[in-house]
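S.K.: Features from TrEMBL:
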- 16-42: transmembrane segment (TRANSMEM)
- 32-281: domain 'G-protein coupled receptors family 1 profile' (DOMAIN)
- 49-69: transmembrane segment (TRANSMEM)
- 89-111: transmembrane segment (TRANSMEM)
- 131-155: transmembrane segment (TRANSMEM)
- 190-212: transmembrane segment (TRANSMEM)
- 233-252: transmembrane segment (TRANSMEM)
- 264-283: transmembrane segment (TRANSMEM)
Amino acid sequence: MEFLLLGFSELLRLRVLLFLVFLVIHLVTLAGNMMIFLAVVMEPSRPPMLLFLCQLSAIELCYTLVIVPKALLSLVAAEGSTISFLGCAAQMLLFVALGGAECFLLAAMSYDRYVAICQPLRYAALMSQGLCLRLALACALGASAVALALTVAMFRLPFCQPRRIDHFFCDVPAVLHVACTQSYGAELPLLAACVLLLLLPFLLILASYVCITTDLLHITSPAGRGKAFCTCISHLAITLLHYGCATFIYIRPKSSYSPARDKVVSLVYTNITPLMYPLIYSWRNKEIRGVLRKMLRRKKIAQVNGDAIRVVMYMCGKF
């Protein structure tokens, strides 16, 4: 009851280089998302967008911890690494649940931008902290329910021997490719999950931006229009990154599955995009930059105070 994750076994000469590159990217991603998460948690007054960013950073932290360690292990093992049946199912469940929660969260963030631009006078009343927490909880629970149903459907399929998954983690298309079935019925759970986790949030995001664009057209001042649109750039960039990779991998028939191409796109999806998120939001979002400055200032003050206390203790010890 095991699967063999082949990983990057065809790139034996580049294993050491890939291992070092992925390890550095993984550590930088963890540090960036952890910094944003801690900065928002330590901030006493948190606007709605900061709450959403905190959840997004938490998702990315869990996301990389679910996928990257096994990918690094597959680079160490020359012929791939084994994973148990339950371990593979758990990895797929967590991966789909976290990815789905991110899709729903991006939809909630687009609604936040819609209220901020189209109904600014009612923003504080509509986007209360309680509503943001309820939206965050709904995103997590909804994605977990869909992920559980998809995982159960996938692992009820019969699997061919040998159970060799040509991937570095238990991704849905890679596991479906190993299944001993040629019927289109096996692809229906994946199609339903794509509709619920990808298409539905995307339509909500699209509707929000249609309303935002319509409202911006009524602003006569180009400077005001540009200032309002700049608040959406970070969210748009992350949405395009997330949906671009996810659509390429999951919305297609089983017959068009290509292991080599999927692994390259999955590398971007699971390593590069989580690294880009903190950079994009730290660069374009004034609120998160302000919170990070406050955290670094507190750290510097604490360090100065600690140095002063050590000097005083040293002087007292001399006398």
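Using N, Cα and C of the backbone, Cβ positions are placed for all residues, glycine too.
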S.K.: Is the transmembrane segment (190-212) in contact with the transmembrane segment (264-283), using at least 3 Cβ pairs under 8 Å (sequence separation of 6 or more) as the test?
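M.R.: Contact criterion not met.
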S.K.: Within the same chain, where does the transmembrane segment (233-252) have neighbours whose Cβ lies under 8 angstroms from its own Cβ atoms, ignoring anything closer than 6 residues to its ends? I mean 6 or more beyond.
M.R.: 99, 102-103, 106, 109-110, 113, 171-173, 190, 194, 198, 202, 205, 209, 262, 265-266, 268-269, 273, 276-277, 280-281, 283-285
S.K.: Mean pLDDT, the domain 'G-protein coupled receptors family 1 profile' (32-281)?
M.R.: 83
